[in-house]
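Feature list (source: Swiss-Prot):
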type	residues	note
SIGNAL	1-25	signal peptide
CARBOHYD	Asn36	N-linked glycosylation site
ACT_SITE	Ser46	active site, nucleophile
CARBOHYD	Asn186	N-linked glycosylation site
CARBOHYD	Asn205	N-linked glycosylation site
ACT_SITE	Asp340	active site
ACT_SITE	His343	active site
CARBOHYD	Asn362	N-linked glycosylation site
Amino acid sequence: MENSRSTLIIFFAYTTIILIGSINCRDNNNNNLVTNQSALFVFGDSVFDAGNNNYIDTLPSFRSNYWPYGQTTFKFPTGRVSDGRTIPDFIAEYAWLPLIPAYLQPSNGKNQFPYGVSFASAGAGALVGTFPGMVINLKSQLNNFKKVEKLLRSTLGEAQGKMVISRAVYLFHIGVNDYQYPFSTNSSIFQSSPQEIYVDFVVGNTTAVIKEVYKIGGRKFGFLNMGAYDCAPASLIIDQTKIGTCFKPVTELINLHNEKLESGLRRLERELSGFKYALHDYHTSLSVRMNNPSKYGFKEGKMACCGTGPLRGINTCGGRMGVSQSYELCEKVTDYLFFDHFHLTEKAHQQIAELIWSGPTNVTKPYNLQALFELN
């Protein structure tokens, strides 16, 4: 018995040394990283935000750095708009990358960026005029990426810096706030211009940023189309006379966006040599879970875990609208598709991430992210 115990101690000590050694190797040898791994650079909004809004001057409603956000995995609020990990966190795990940090996180070091970084900001849009001064819009996220690209070239050397950029995967989720903003501000934009023109601006700004990343050296891109946000808990309670009814004014915008995004990506594939992409049908993935939650292991597909009011669809989770404001929190978060009025639970994020990573072509096409990461 004593000999067995000694053998176990020696074994665990040995494996610990091996593990620590391998971590140190990865941290201290950028050449190995450049040779063997593709980085992950993340652009977008609250669906992808890893905590950038913690470090900008904005309203509490644009932050999630308070309890119960982060309760499941991290056990503290990180700024992610969920009870735990988000889609990029799982994608990084599947790609054997460390957790991708927020760009503005003070602890970031120059050795961290070769693995990738998240520029995403809750509330951000493709249009500069969406929640101006409150968020880091897509154009500003691009500018931050350009700073990282210069830093990579200066720290790794010109050739290796370019290699990180060319082998990296660039993940995008953007646009929903551009469609939400006019309604939340009672804008008359849709009275003065057709919806299709507005959608053209949103998708056009997105593709312009993609072209800029391509020009710098990016070749592999991942996208989520627009989810069924017209039927999220917050949307289901907009018409108080028809609780549970999707918000139809946004439905057409979402459908137009998804059509134009898909056709725009096909056009870029024809125009840009070496451009490869994965487009996940997030709209369908979300809709089927809303309408048939039990099939996917949920009990609630339309009520949020955290919030107040009908379906907990009012944005009060964690006291977002004021410290003294109360909110309700469900007992078992894994029963729920939505964590708050608009955002998914960690369990839901993992399911979606798996489809983006290795899903068949009827849900993620023409490549999935696993295939893109394996391309060099």
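Including glycine, each Cβ sits where the backbone N, Cα and C put it.
Cβ-based neighbour count (10 Å, all protein chains) for the residue listed as 'active site, nucleophile' stands at 26.
The distance from the Cα of Asp340 (active site) to the Cα of the residue listed as 'active site, nucleophile' comes to 12 Å. Asn205 (N-linked glycosylation site) and His343 (active site) have their C-alpha atoms 24 Å apart, to the nearest angstrom. Asn362 (N-linked glycosylation site) sits 38 Å from Asn186 (N-linked glycosylation site), taking the Cα positions as reference. Cβ environment of His343 (active site): Ser46, Val47, Val81, Ser82 lie under 8 Å away, each six or more residues apart in the same chain.
Ranking the glycosylation sites Asn186, Asn205, Asn362 by the number of CB atoms within 10 A of their own CB puts Asn205 at the top.
DSSP classifies Asn186 (N-linked glycosylation site) as coil under the three-state reduction.
When Cβ atoms from all protein chains are considered, those within 10 Å of Asp340 (active site) total 31, not counting its own.
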